[in-house]
Amino acid sequence: MEISWGRALWRNFLGQSPDWYKLALIIFLIVNPLIFLISPFVAGWLLVAEFIFTLAMALKCYPLLPGGLLAIEAVFIGMTSAEHVREEVAANLEVLLLLMFMVAGIYFMKQLLLFIFTRLLLSIRSKMLLSLSFCVAAAFLSAFLDALTVVAVVISVAVGFYGIYHRVASSRTEDTDLQDDSHIDKHYKVVLEQFRGFLRSLMMHAGVGTALGGVMTMVGEPQNLIIAKAAGWHFGDFFLRMSPVTVPVLICGLLTCLLVEKLRWFGYGETLPEKVREVLQQFDDQSRLQRTRQDKIRLIVQAIIGVWLVTALALHLAEVGLIGLSVIILATSLTGVTDEHAIGKAFTESLPFTALLTVFFSVVAVIIDQQLFSPIIQFVLQASEHAQLSLFYIFNGLLSSISDNVFVGTIYINEAKAAMKSGAITLKQYELLAVAINTGTNLPSVATPNGQAAFLFLLTSALAPLIRLSYGRMVWMALPYTLVLTLVGLLCVEFTLAPVTEWFMQMGWIATL
């Protein structure tokens, strides 16, 4: 018997999301206008809390849908205006271009990145050195490329290698269900479990590496570009401004990588089983023999384009998004990708997040119109200039660990800029606060997958169930990094940021605008 119209509508609404989640969103949509009539300020904060809730529940439903419904209602009932949303989007056009074009551009360089990580995995036998190499490679690449793309490449390598060994272990040559272990005997299962532990640790090291590198440059994370634009910094300025905090954090993060591997803490320390290495090496040898001259020239071209990308960013030859567009044009032209559908695949990863970011800007418009963060900012600004830096770092960190860091970074830099324009803080203090906001937004966010988009991408990937990487296990494995990155970052903001920045100014390396 066919279901009723009402039941059909209920099932279609937010698709496979749990019933309690659907009901919660409907309650939000009903309650918000009623609260807005009584107290716009309370209604605004309620909207922010609801939006953070949708981000925290990203595994239940992609936040664009529930967050978008809340944002549309907010505009309809007058919490903000469509014109203000348009102004926020226009002011952050560079970030949208970064997501649309840079992420798509790096998609066409995946062969080179796959080649790099494959060579690392098979060339380095020491697990400590291999873990450090993955962390450093991910950090370096994420300083210039999109972190999601770097993680996507490492996932591709891991899934490919897992599939190769799984087929051997299950004695099947054809593609099989990688989650089906029923055809694997006990001995192979023990080796497979060890291999899973090995891949889990490598993925976490690479994920943290993207955070370590991503915080250092204006293109490392989307919120970095928002903060750089608000402060009027170019690529080199941004790197130097952040370095009093980010360089010590990078060093301590890499030492943490070595320490957890050496002591086998928090689920780290598993080595690559020799039987697995033999299987993977045989496969790689066959692949290299089959690589044609055309394939080799593609890798060379992609490496040259990579040099162009780094040079163009460092010299600020154009806006970041336009440099990304040039990468798309060069990579597709010189590697023979001419089909519209093949080019279109490059945009599938970035456009949903670009749409979600536009919804973020709608909520930011509400925050500005309803002056939601004014009490918090006033509280922070009542403290001494020195204490303000730590307070901004801590408030950013707390919110970023449970919510999206683009959203958090945008809110706080807007509030700090408004305080500077009103004369509440000096330009020099504003620039120091911008560093505290950027580092506070990026570093503590490794605590949960909700804070780091790269972690969330890993958790929702096809690899996570294969290597038994759950939400809880990811939080546990990230814990040593969370503690070290957060505390070292706070100490640097407290003690090294102001004096080192002052020294940079005396040396003439940076200047207050």
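Residue numbering: from 1, along the chain as shown.
Keep in mind that glycine also has a Cβ here, set from the backbone N, Cα and C atoms.
Predicted, not measured: the structure shown is a model, and the values here were computed from it.
Positions annotated as transmembrane segment by Swiss-Prot, on the basis of sequence analysis: 23-43, 52-72, 97-117, 120-140, 144-164, 202-222, 238-258, 303-323, 348-368, 391-411, 447-467, 475-495.
Against the transmembrane segment (391-411), the recorded stretches 52-72, 202-222, 475-495 differ in Cβ pairs under 8 Å, and the greatest number is found for 52-72. Between the transmembrane segment (475-495) and the transmembrane segment (238-258) there are at least 3 Cβ pairs closer than 8 Å, counting only pairs 6 or more residues apart in sequence, which means the two stretches are in contact. Sequence-distant contacts of the transmembrane segment (238-258) (same chain, at least 6 residues past either end, Cβ-Cβ under 8 Å): 128, 131-132, 135-136, 139, 205, 208, 212-213, 215-218, 224, 228, 231, 431, 434-435, 438-439, 443, 480-481, 484-485, 488-489, 492-493, 496-497, 500-501, 504, 509-510. Residues 99, 102-103, 106-107, 110, 113-114, 117-118, 121, 134, 138, 175, 178, 195, 199, 202-203, 206-207, 210-211, 213-214, 217, 219-221, 279-280, 283, 309-310, 313, 349-350, 353, 453-454, 457-458, 461-463, 466-467 of the same chain, all 6+ positions outside the transmembrane segment (144-164), place their C-beta atoms under 8 angstroms from a C-beta of that stretch. Long-range neighbours of the transmembrane segment (52-72) within the same chain, counting only residues 6 or more positions beyond its ends whose Cβ lies under 8 Å from a Cβ of the stretch, are 14-15, 17-18, 21, 24-25, 28-29, 32, 352, 355-356, 359, 362-363, 399, 402-404, 407, 449-450, 456, 459-460, 471. For the transmembrane segment (447-467), same-chain residues at least 6 beyond its ends with a Cβ under 8 Å from one of its own Cβ atoms are 55-56, 58-59, 147-148, 150-152, 155, 158-159, 162, 178-179, 196, 199-200, 203, 207, 210-211, 353, 400-405, 474-475, 478-479, 482, 486.
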